[in-house]
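Engineer: Below are the features I grabbed from TrEMBL:
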type	residues	note
DOMAIN	1-81	domain 'MARVEL'
TRANSMEM	6-29	transmembrane segment
TRANSMEM	41-65	transmembrane segment
Amino acid sequence: YTDPRAAKGFLLAMAAFCFIASLVIFVTSVIRSGMSRTRRYYLIVIIVSAILGIMVFIATIVYIMGVNPTAQASGSMYGSQ
């Protein structure tokens, strides 16, 4: 079974990582530099956003498994009573 504290810590760490990455993307897009107006920059932003979305999805699954131990069982809560 997954420890609930570890699951919460992983979810908080992932939220902090995504916040920092989003802040970096925001700052680089607000600064009017030549790099932030190229096609390559927008491609990198799309790829980074997709990777962050997948990581948040994985963190959500880990959190659900850690907080709700019956989700790891083969049967439902009603069937095992």
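Positions of Cβ are set from backbone N, Cα and C atoms, glycine also.
Note: TrEMBL annotation is automatic and uncurated.
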Engineer: Return the average pLDDT for the domain 'MARVEL' (1-81) as a whole number.
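Structural biologist: Averaging the confidence scores along the domain 'MARVEL' (1-81) gives 81.
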Engineer: Looking only at the domain 'MARVEL' (1-81), what are its DSSP counts of helix, strand and coil residues?
Structural biologist: 62 helix, 0 strand, 19 coil
